Amino acid sequence: MLTSFKLHSLKPYTLKSSMILEIITYILCFFSMIIAFVDNTFSIKIYNITAIVCLLSLILRGRQENYNIKNLILPLSIFLIGLLDLIWYSAFKVDNSPFRATYHSYLNTAKIFIFGSFIVFLTLTSQLKSKKESVLYTLYSLSFLIAGYAMYINSIHENDRISFGVGTATGAAYSTMLIGIVSGVAILYTKKNHPFLFLLNSCAVLYVLALTQTRATLLLFPIICVAALIAYYNKSPKKFTSSIVLLIAILASIVIIFNKPIQNRYNEALNDLNSYTNANSVTSLGARLAMYEIGLNIFIKSPFSFRSAESRAESMNLLVAEHNRLRGALEFSNVHLHNEIIEAGSLKGLMGIFSTLFLYFSLFYIAYKKRALGLLILTLGIVGIGLSDVIIWARSIPIIIISAIVLLLVINNRNNTIN
């Protein structure tokens, strides 16, 4: 009886502590996302602290009424990817492997996604409601800060593709686009949600993408912008029409300003495709197409099997020995196959493909159930990039993905009470 009374009297304090830790979790998610943009090593440390704070918050909170299957689907899909990556790593990693980098990247993804499943679950079951718009304006400023930083880097290395701190220009482009989506969507949740402010943000993002010269994002991001405008302004034809006209003007301006590098990248793409049709895949696009063909071939031969990075590389070499036109793919045998589905299938078989599709489905499902249009836009970005590259891999971009999901769910909770 006395014990029951003590527990009851302590409950308000534990709940308050849980709420404080939850707020700290979201703040750390914000910093994890930003730091991942420039420093892989430090970002994983901040992310690990975020996960610990999240777990403490969940423990102190106790069971909630909204702990249901609806709110478990997305965390489960994230956890499944992390678990499969961990199983794959444990089954095949050996000392002194020539594919150490590949194994290490999957181990990092496993940790990030397993921890991330708990952070996303905390967010989906959150009872916190805040009407402060200062947070939204802080998020909105991110794209402009990135654009300013990119301008500074470009002034020093004028003719180079900028890469920030994530290793490659392509990685910088993906990171910029994902953070840019969070930044742009944030302004749409404010009272001053005029499409001009969203498009101003889009202009900053497109400027950075043009500096990275990454074709996939330069094609994908305008489509995502149109999808966002349709989702948010479909009931206001005047705003929608004016915003589309302004978006076209922005795109035209970007093309004019960056005409030379864009034209060069376009010509390179045409040359790559021409080379591929002439049995030469040792080009950027040609290597991708060769990887897709090889990856599908490896999967079809053994669709139910997990296979090591060494085994996949051996299969790639055998296929290239038979079909020399696919030799461009060999350069990436110690990286990945530049498509989420094909990469997952080539190493983890049907289970790998299922886990990736389950994640995509879960993101769309939660976006629909929570009426989270921001999450829908982010999901389109994740799926779109996954068609031509692998981003559920390594450290920086997985951290940005999890953090972006969390932050978009947090700001969506301002307007929705659906659980």
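Using N, Cα and C of the backbone, Cβ positions are placed for all residues, glycine too.
As the structure is a computational prediction, the values presented were derived from the model and not from experiment.
Listed in Swiss-Prot for this protein:
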type     : residues : note
TOPO_DOM : 1-19     : topological domain 'Cytoplasmic'
TOPO_DOM : 39-43    : topological domain 'Periplasmic'
TOPO_DOM : 62-71    : topological domain 'Cytoplasmic'
TOPO_DOM : 92-107   : topological domain 'Periplasmic'
TOPO_DOM : 126-134  : topological domain 'Cytoplasmic'
TOPO_DOM : 154-167  : topological domain 'Periplasmic'
TOPO_DOM : 188-194  : topological domain 'Cytoplasmic'
TOPO_DOM : 212-216  : topological domain 'Periplasmic'
TOPO_DOM : 235-240  : topological domain 'Cytoplasmic'
TOPO_DOM : 260-348  : topological domain 'Periplasmic'
TOPO_DOM : 368-372  : topological domain 'Cytoplasmic'
TOPO_DOM : 392-396  : topological domain 'Periplasmic'
TOPO_DOM : 413-419  : topological domain 'Cytoplasmic'
TRANSMEM : 20-38    : transmembrane segment
TRANSMEM : 44-61    : transmembrane segment
TRANSMEM : 72-91    : transmembrane segment
TRANSMEM : 108-125  : transmembrane segment
TRANSMEM : 135-153  : transmembrane segment
TRANSMEM : 168-187  : transmembrane segment
TRANSMEM : 195-211  : transmembrane segment
TRANSMEM : 217-234  : transmembrane segment
TRANSMEM : 241-259  : transmembrane segment
TRANSMEM : 349-367  : transmembrane segment
TRANSMEM : 373-391  : transmembrane segment
TRANSMEM : 397-412  : transmembrane segment
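Taking residue pairs at least 6 apart in sequence, the transmembrane segment (168-187) and the transmembrane segment (217-234) share three or more C-beta contacts under 8 angstroms. Across the candidate stretches 44-61, 135-153, 397-412, the maximum count of CB pairs under 8 A to the transmembrane segment (373-391) is reached by 397-412. The stretches the transmembrane segment (108-125) and the transmembrane segment (20-38) meet in space: the count of Cβ pairs below 8 angstroms, excluding pairs fewer than 6 apart in sequence, reaches at least three.
The recorded stretches the transmembrane segment (135-153) and the transmembrane segment (195-211) share 3+ CB pairs below 8 A when only pairs 6 or more apart in sequence are counted, and are therefore in contact. Per-class residue totals from DSSP over the topological domain 'Periplasmic' (39-43), listed helix then strand then coil: 4 helix, 0 strand, 1 coil. For the topological domain 'Periplasmic' (212-216), DSSP puts the residue distribution at 3 helix, 0 strand, 2 coil.
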